[in-house]
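Chemist: Would you mind keeping the following structure in view while I ask a few things?
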Amino acid sequence: MSTIGRRRWKVLFALLLITQLAAVTGYHHGDLDETVEHIKIGGLFDGATEDVELAFQYAVEAVNNEKLSYSNYQLEAQAVQVKYGDQFDASKKLCRLLKTGVAGIFGPSSPKSALHVQSVCDEKEMPHIETRWDAYTKLPTLNLHPHPHIMGRVFLDLVVAFEWKSFTVLYESGPWLPGIADLLKMYDPKGYTVTVRQLDLGLNGNYRAVLRRVKLSEDKRIILACSIDSMPEVLRQAQQVGLLTDHHQIIVTSLDLHTIDLEPYQYSGTNITGVRLIDPEEGKIRQVADFLNASQIAKTLELQDGLNPAKMRVETALMYDAVLLFAEALKHLIGSEPAHLLEPIALRCDDTATWKNGYSVINYMKSSTIHGLTRSIRFDHQGHRSDFLLDIIELGPAGLEKVGVWNSTEGLNFTRKKEQTLLAFDDGTLQNRTFLVLTAISPPYGMLKDSPVKLTGNERFEGFGIDLIHELSLMLGFNYTFILQEDGVYGSLNRDTKKWNGMVLELLEWRADLAITDLTITSDRESAVDFTMPFMNLGISILYRKPTKEPPSLFSFMSPFSKQVWLYLGGAYMMVSMSLFILGRISPKEWDNPYPCIEEPEELENQFSFSNSMWFTIGALLQQGSEIAPKAPATRAVASIWWFFTLIMVSSYTANLAAFLTVEQVVSPISNAEDLAAAGGTIKYGAKRDGSTISFFKDAEYGTYAKMYQYMMANQELLTSSNPEGLQRVKTENYAFLMESTSIEYIVERECDVTQIGGLLDDKGYGIAMRKNSPYRSALSEAVLRLQEQGVLTSLKRKWWKEKRGGGACSQSTSDDGAEELDMDNVGGVFFVLFVGCSFASLFGCCELFFVIAHRARRHKELMAELRFVAKCHGNTKPVRHRKSSSASGENSLELDVEDSTSSSKQDISGNGMGDRLPTGNQRRQNGGKLALNGNTRKMLSED
């Protein structure tokens, strides 16, 4: 015997038990009242609906013992099995039931059979009660299932709450379309993107082809509209093709999601959200399930689990509630209609007879309100169940959990935060997790490898960001798959539409878990996504072409010294020359005998005339000789200090002159942002469109930056779509590009004709982006900090900035900084030494003068005469002064003062090999005993 045959025998046996139970019950009531009337109701059950039939039978007994226990009427169940989808069989069995005089028809569940039954019941005005998904019911049919159009509002509210902007609808067949009609209306090219695909295209249960197309579309949000019987196979094949990962979100429209085994998927991380009409925790459901589990009927039907409250299908609960609602309507009808009118009549399908009370029963059912297994049951004026309460359930590691509720008046209400709902399956553990990491082509953070063969997967990429993710994966134990942001847009907020684009949108839409590139942490972005701690700090700077070299000037030889030094040097030259001139006239040893052969000259001559003093000083300064040799200690001291001074000055000049001659100065038209803003008419400038740099200028309050933003907005053709485009414009046009300093560092290592201008305009950082409230944010931030402490980030930066991809090409370029001119701070010390030396020499010369005069002449007028001669400042000769002898003996001896005044000359002449003696005293000229100073010659006169 076949399985179906055995099942039918078991059902018949169960019906026999029910009939016996009904007879016993009827006998019991008969003892109380001999006039009990039995009202028959018929049930058409097709397919594997044993639990529905069981609920139908039990509901009849329940209402007989409760609602109708004090009336003269009892319900009598007439359950009939029909072939699923066989309209002829359903019609034949229906006609048999009508002949028995039934007061209502319940079922069947097959859409085709139900439509035929609905048509016959309409013709016979027979109450027809359905519990299936049907959007096109009409009187006298009453459907207890929530209306599909109202169910569509539930899924619409979920999509809006989850902020889905793009999703795919998978439906099984046409009857499911009314429930998703509102979702299809959401399609808007500028807003929502809705893709609709049918699951089974005549492939006999093979859904993989359609599911693969969904995977290739990279849409991570799916709405699944199919029967609960097909659901396990659809989910199994979806897992096989890779649609049930922690990157996917699925909304199931079936009310029976809680009845299938979801254990294979609850640890995959897939966010599966569904709705539930019944509450398994409600006492009535447990009471019904416990009774049926203990009944012989359940055992006979081999319902091993009976009616498990957690696994009870909504059709089963609705069938129980349908019988309760029918009994409630019958109870009201009993009190308002004569008894003979309530008795159903036998109807034939081949005549036109109808039951006149049929519509009355339906109307009473529509106006009645009861609380059943599916909670409160009420109908609108069209006979649709539009007011109901649903649980929002979600699959997590612990199984299905209630996360919210929905009702037709208040809409969706989550019992926990949306972020907690979306991330409930995340426990923060990164071990063995797989992340989709979004990157963009932005050297050196993310680049495509140069390879002679085609690369796939993660092998396609290299760069700083790629290596950083690899280091983090080694440290934390997660896996990763890189995906490329094709348009290269990082993400900015549209202030008008309040919508994001670029990488940020990909994260918000759950198409990626992490995003890494030169993605700047900004306040706007942090309001939408989370970032790790910065892995690199930077600021905005200016990329511009290298300054041009300045042509040498005509007087570039004066560049080693500043103007101040040159002035001081000229002053020192004059001071030393004057010092030598004055000290030469003061010092007696600087007065020489012009005629060495005359032992007692009447005139002495001085070599330090004003012109000779200037000549001696300039000769020493220029490292040349002048044939003038100082003799007095004072003049020699001045000369020595001057020589030391010139040694230092000439050496410093020579050293700095070499630098000035070999290094050409460069000239840049701008040196900072202020210069660039002022030169906006001659030098164009811009930034990357929709980037953090342009956002910085947009939000800046500093006047210069606000002015620059206005300029860029007024000249939007100066904004670029990428950094390479900005670099190209810098090289080919008179254009300055505003970008992050780290990117400028990378560029100037490879492009030797551009450079960074000025310092940083702000201070910010790059971070790894992820969805808001991500549980793995802390772990990633700690790992980044450890890499920084270990020097790994520094090593990676050196690798990708200075070594890889042409790095270091411009490191040998000559520095742009020329030699600096020497200022007084550099050579002030030698001027001080010169001043001290000259002061000491002057003091020494004065002391020598006073000593000689005091030794030669006792009278004050002698000293004054000498001082007057010195003060004349002209003439290089002076007369020799001596005392007139008072006795004859004085004539026989040389006068001391003459000898004293000429002694140094005799020694110098003797030293030069002259060997001649000065003339004797009688050869001196006398002129009335008076001193006569004339020019540079001093005459020798006698005194009275």
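For all residues, glycine too, the Cβ spot is worked out from N, Cα and C.
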Chemist: With the disulphide bonds as TrEMBL has them, who is the partner of CYS810, out of CYS752, CYS838, CYS846, CYS847?
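Modeler: Recorded partner, per TrEMBL: CYS752.
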Chemist: THR520, ARG525, SER692, THR693 bind L-glutamate according to TrEMBL; which of GLU486, GLU725, GLU733, GLU740 goes with them?
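Modeler: Answer, per TrEMBL (L-glutamate site with THR520, ARG525, SER692, THR693), from GLU486, GLU725, GLU733, GLU740: GLU740.
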Chemist: Going along the chain, which residues at least six beyond the ends of the transmembrane segment (830-854) come within the CB cut-off of under 8 Å?
Modeler: 568, 572, 575-576, 579, 582-583, 586-589, 632-635, 637-638, 640-642, 644-645, 648-649, 824, 862-863, 866, 870, 900
Chemist: Can you grab the distance from GLU740 (L-glutamate binding site) over to CYS752 (disulfide bond)? Cα atoms, rounded to a whole Å.
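Modeler: Computed Cα spacing between GLU740 (L-glutamate binding site) and CYS752 (disulfide bond) is 18 Å.
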Chemist: Among the recorded positions listed here (ILE670, SER692, THR693, LYS698), which has the Cα closest to the Cα of CYS810 (disulfide bond)?
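Modeler: Minimum Cα distance from CYS810 (disulfide bond) across ILE670, SER692, THR693, LYS698 lands on ILE670.
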Chemist: Sequence gap of 6 or more, Cβ distance under 8 Å: name the residues on the same chain that satisfy this around SER692 (L-glutamate binding site), in order along the sequence.
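Modeler: Counting only residues 6 or more apart in sequence, the Cβ neighbours of SER692 (L-glutamate binding site) under 8 Å are TYR490, THR520, THR522, ARG525, LYS764.
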Chemist: Counting other Cβ atoms within 10 Å of each Cβ, which of the recorded positions ILE670, CYS752, CYS810 scores lowest?
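Modeler: Each of the recorded positions ILE670, CYS752, CYS810 was scored; lowest Cβ tally within 10 Å is CYS752.
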Chemist: In the three-state scheme derived from DSSP, which category covers GLU740 (L-glutamate binding site)?
Modeler: strand
Chemist: Hey, for the L-glutamate site built from THR520, ARG525, SER692, THR693, GLU740, who else sits with CB inside 8 A of the CB center?
Modeler: TYR490, ASP518, LEU519, ILE521, THR522, GLY691, SER695, PHE696, LYS764
Chemist: In whole Å, how far does the CA atom of LYS698 (site 'Interaction with the cone snail toxin Con-ikot-ikot') lie from that of ILE670 (site 'Crucial to convey clamshell closure to channel opening')?
Modeler: 22
Chemist: Taking every protein chain shown into account, which of the recorded positions ARG525, LYS698 has the largest tally of Cβ atoms within 10 Å of its Cβ?
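Modeler: Result for the most crowded candidate: ARG525.
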Chemist: Could you tell me the maximum Cα-Cα distance in Å between the residues recorded as binding L-glutamate, namely THR520, ARG525, SER692, THR693, GLU740, rounded to a whole number?
Modeler: 17
